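This report refers to the structure that appears directly beneath it.
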Amino acid sequence: MARRVLHHNTSNHHPNNVTSPLLSLSLALLCLLSAPAASAQLTRTHYAGVCPNVEGIVRGAVQKKIQQTFVTIPATIRLFFHDCFVQGCDASVMVASAGSNRAEKDHPDNLSLAGDGFDTVIKAKQAVDAVAGCRNKVSCADILALATRDVIALSGGPSYPVELGRLDGLSSTAGSVNGRLPQPNFSLAQLNSLFAANGLSQSDMIALSGFSHCGKFANRIYNFSRGNPVDPTLNRAYATQLQQMCPRNVDPRIAINMDPITPNTFDNTYFKNLQQGKGLFTSDQILYTDLKSRPTVDAWAGNSVAFQQAFITAITKLGRVGVKTGRGGNIRTDCGVLGR
């Protein structure tokens, strides 16, 4: 499936129930930094002279975490997207609220992020810092980027080169999340506008699309309109399935799998689902109902290799957004604490 993923929260952050994890993604929208400018500051060999085995160390930690719970995969992917959407890819979403500062992770839009995603980065950071030559040399932002690539590859998706050299952000506030994340009822034009502002194309947006929680799509299955309680563009059998997973009074933070066919595999089934009216959000299904984006959905539904190539391009561009360098960031010793 194109993998979208839904999840749950089964660990340290905000506990949520979850249904099967899957893969894929969700939209972006980030700070107004041009991708080309940021990419010039990143290189694949950034740590070659100080921590040459960093990629192997991170992958080992990620593999251990996946063995503990498969939720690690969707949780880590979502964490990366939510981080990059707000202030760029700088691990600011990892920071815990302290004193009078309410951090990004405690904004309502981030309360559904599964604790296993945070724990994956923390465990990988500990593993890296356990190596003398690597201690306090690798940023949390780069570890999150590497871990995201690893969970994708370990779930059957492509293994792509990750550009490195990001520093960790110096601030994290809940207020900075406002208006930064795409909404489930966005039109194609609104989605494209968010992506274009960050150097990302419609193709990138489609490749990186989707997932969510009960509270985000309940209107489509209960209160769509006065004449149609259920959105008529939604596959009827899928609507019934969603109602069973998300009863009227269920915790709105509960996450469910956006791909009911191959929930634990990174593939192009998500696009095949859209062809059958099984887009979870209005903003998902619009990718198929709008004739300007339907050709891309059809192409990737029938060609997994083409989708994976487009995905690699899109997630690489996403990883360049809002990169912090020089005095604009640092390397945290504790990913959850600013200045440490």
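Cβ atoms here come from the backbone N, Cα and C positions, even for glycine.
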Would you mind checking which of CYS31, CYS335 shares a disulfide with CYS140 in TrEMBL?
-> CYS335
Have a look at the recorded positions (ARG78, HIS82) and report the one with the fewest Cβ neighbours inside 10 Å.
-> HIS82
Listed binding-site residues (ASP83, ASP90, GLU104, ASP267), ranked by Cβ neighbours within 10 Å, top entry = ASP83
Extra residues within 8 Å (Cβ to Cβ centroid of ASP83, VAL86, GLY88, ASP90, SER92, GLU104), Ca(2+) 1 = HIS82, CYS84, PHE85, GLN87, CYS89, ALA91, VAL93, GLY169, SER172, SER176, GLY322
If one measures from the C-alpha of PRO182 (substrate binding site) to the C-alpha of VAL86 (Ca(2+) 1 binding site), what distance in angstrom results, rounded to a whole number?
-> 11
